[in-house]
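Below is one structure; the comments refer to it alone.
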Amino acid sequence: MQLVPTDDPDEKIGRTSNGMQNATLPIDGPVNTEPKDPAREQWSGKLDFLLSVVGFAVDLGNIWRFPYLCFKNGGGVFLIPYSIMVLLTGVPLFYMELCLGQYYRKGAITTWGRICPLFKGIGYCVILTAFYVDFFYNVILAWGLHYLYTSFSFNLPWASCNNSYNSPACYEPHWSEDGTAMCRSANQSVSAEKISAAEEYFYKGFLGLHEANAPNSHVIRSVTDLGNVRWDIALSLFVVYLICYFSMWKGIHTSGKVVWFTALFPYVVLGILFIRGVTLPGWQNGIEYYLRPNFEMLKRPSVWQDAATQVFFSLGPGFGVLMAYSSYNDFHNNVYVDALFTSFINCATSFLSGFVIFSVLGYMSCKSGKPIEAVAQEGPGLVFVVYPEALSTMPYAPFWSVLFFLMLMTLGLDSSFGGSEAIITGLSDEFPILKKNREVFVGCLFAFYMVIGIAMCTEGGILIMEWLIIYGTTWGLLIAVFCEAMVIAYIYGLRQFVHDVKEMMGFRPGNYWKFCWSCAAPFILLSMITSNFINYQALTYQDYTYPTAANVIGIIFALSGASFIPLVGIYKFVNARGNTISEKWQRVTMPYRKRPNQTEYIPIPTTQPHSDIML
């Protein structure tokens, strides 16, 4: 064999006379990944990285989704399937993505192109998923910002029924004259036909989704009739993007400092709100309801599905964020400890936030005389209706309201930073011209978000948001992460991946991690994908049913990100060098790595069998 140049300067490698690569490296052979990359910026400190990852993973879902899922799925017993899913899928995939980003030191697109060119489409899929999430996530932050600056008032607008949009069905919760709160008995409960001032403010006064002055909660908008733009929401969204831009335009050196506040401040507020919550009447009932175990619920597949879904959306594999953040680490950073630490913080925050939420729900049940299941809500209804209503009944209500919505803003901002950084890093590494003009690129990205976001600033904007939440994330995310696990286990090879980890940190992951990466995670992910397809239902929101066309377009939209995986794979295969299918397959399934004293990434096969798992 002799070394001959190829037409592609990035593919200089030994070849036989038929043009096929004939060089192989033993698994512990001299592959140099050039850990010192002077052109790659790095975190200015280890804590910048840890706080950025914690800030991304701990988001609004920890506050408004996990506690509700515990309540819905058997109370404390939900922690059993949740913990199992964390141990078998969440943490292993979290760890895997951090390792891949740190080893290849690039964003998702370039990293997957180097791991396995045939599956470079995984990188495009995860970037597109992060793109879809950013469309609606920052609108929720705009809502929080509106509530935050509106809270700087002696009279909170969601505490009163004296507004122009209020209906005769509106009621105001009150404290007693001596400053204490008395619990209502069942026969004193608020009528189910009544609508709280907080609910009317959110849906009628703020969003305009429900008809003003009407004594009901019927949706009056549709996806074909979104109504007028709510310019106060649009202005808030513009301010959110200004905050994001000036936090991210210079890269991780600016965002890495901002997260010192946005990642740590929520824990201060959660502690304060917990102390306040356990001083309210009825708090014990709320906590008991949150933790009361119902072991019969473990027999329901939906409980396990909810646990797995929460793990993936909470820890965040498949969004490209973990790869992007870890790509700025020192090559020999102990990402194993980082993965365990940040995963634990995330899961503990989810669990502890339940005490903050349900102590207040117990209080609301006490105040209204309604059972807790009639008070509890999931998603925006919890943080923009139920919790603000509870805070409005307390002495010094504006103070508590400012504190709560400032916490929501900080929780959401660093998660927004993560999603945007995944896109910026992924595209900048793949298209270097964007990296050279980062400030302009980031500005154009957020300007595009702002234009798209206007549709969700209309009176029916929440209908578009719900459509994006359902169709823009779940299927593409699950398919991408499933492909990630399968490629690492069965094409790239676990033995090679384990060697890469050893090269970085000096030790090999044990059999537990190999089992999770090769068996447990792919099986659970495939089960989730199958379940999502089998149990698919046409989308509804409150009493509004989405038209058939919206659901059909939604399904196409849901699969748009995942479609990049086969499309890019076909393109790579068709254009691969080689005279036979076997030669082309070898070309597109070999990882691109570096030899000693070379700067180019070249395709280098290994001698290890791809199916060799437990080694």
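Each residue, glycine too, has its Cβ placed from N, Cα and C.
Annotation comment: Swiss-Prot describes G55, V58, L411, D414, S415 as Na(+) 1 binding site, evidence class similarity to another entry. Other C-beta atoms found within 10 angstroms of the C-beta of S415 (Na(+) 1 binding site) number 27, with every protein chain shown included.
N346 (Na(+) 2 binding site): 25 other CB atoms within 10 A of its CB, across all protein chains. The Na(+) 2 binding site annotation in Swiss-Prot covers A57, N62, S314, N346, and the record cites similarity to another entry as its basis.
Residues or ranges marked as compositional bias 'Polar residues' by Swiss-Prot: 15-24.
Per Swiss-Prot, the feature disulfide bond maps to C161-C170; the stated evidence is similarity to another entry. Around C161 (disulfide bond), the same-chain residues at least 6 positions away in sequence with a Cβ under 8 Å from its Cβ are C170, Y171, E172, A197, E200.
What Swiss-Prot lists as N-linked glycosylation site is N162 (among others). The secondary structure of N162 (N-linked glycosylation site), as reduced to three states from DSSP, is coil rather than helix or strand.
Under the heading N-linked glycosylation site, Swiss-Prot lists N187 (among others), citing sequence analysis as support.
According to Swiss-Prot, the feature region 'Disordered' maps to 1-39.
Residues or ranges marked as topological domain 'Cytoplasmic' in Swiss-Prot (evidence: similarity to another entry): 1-46 (among others). Looking at the topological domain 'Cytoplasmic' (1-46) alone, the prediction's average pLDDT is 47.
What Swiss-Prot lists as topological domain 'Extracellular' is 73-76 (among others), and the listing cites similarity to another entry.
Sequence-distant neighbours of the topological domain 'Cytoplasmic' (101-120) (same chain, 6+ residues past either end, Cβ-Cβ under 8 Å): 33, 37, 40, 126-127, 320, 322-327, 329, 331, 333, 335, 422, 425-430, 483, 487-488, 491-492, 500-501, 503-504, 565, 568-569, 572-573, 576, 587-593, 601, 603. Here Swiss-Prot flags 101-120 (among others) as topological domain 'Cytoplasmic'.
Per Swiss-Prot, topological domain 'Extracellular' is recorded for 152-229 (among others).
What Swiss-Prot records for 279-302 (among others) is topological domain 'Extracellular'.
What Swiss-Prot records for 329-334 (among others) is topological domain 'Cytoplasmic', and it gives similarity to another entry as the kind of evidence.
Under the heading topological domain 'Extracellular', Swiss-Prot lists 359-398 (among others).
The topological domain 'Cytoplasmic' annotation in Swiss-Prot covers 425-439 (among others), and the record cites similarity to another entry as its basis. Listed by sequence, the residues of this chain that lie at least six past the ends of the topological domain 'Cytoplasmic' (425-439) yet keep a Cβ under 8 A from its Cβ atoms are 106-110, 113, 123, 126-127, 249-251, 320, 323-324, 327.
Here Swiss-Prot flags 489-518 (among others) as topological domain 'Cytoplasmic'.
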Between N346 (Na(+) 2 binding site) and S415 (Na(+) 1 binding site), the C-alpha gap once rounded to whole angstrom: 12
L411 (Na(+) 1 binding site): tally of other CB atoms within 10 A of its CB: 28
Distance [Cα-Cα, Å, rounded] between V58 (Na(+) 1 binding site) and S314 (Na(+) 2 binding site): 7
CB contact flag for the transmembrane segment (47-72) and the transmembrane segment (254-278), at least three pairs under 8 A: yes
Na(+) 2 site shell beyond A57, N62, S314, N346, criterion: Cβ within 8 Å of Cβ centroid: V58, D59, G61, L315, G316, C347, T349, S350
Fewest Cβ neighbours within 10 Å, where candidates are the recorded positions N62, N162: N162
Whether the transmembrane segment (335-358) meets the transmembrane segment (399-424): three or more C-beta pairs under 8 angstroms: no
Proximity verdict for the transmembrane segment (303-328) and the transmembrane segment (399-424), three or more C-beta pairs under 8 Å: yes
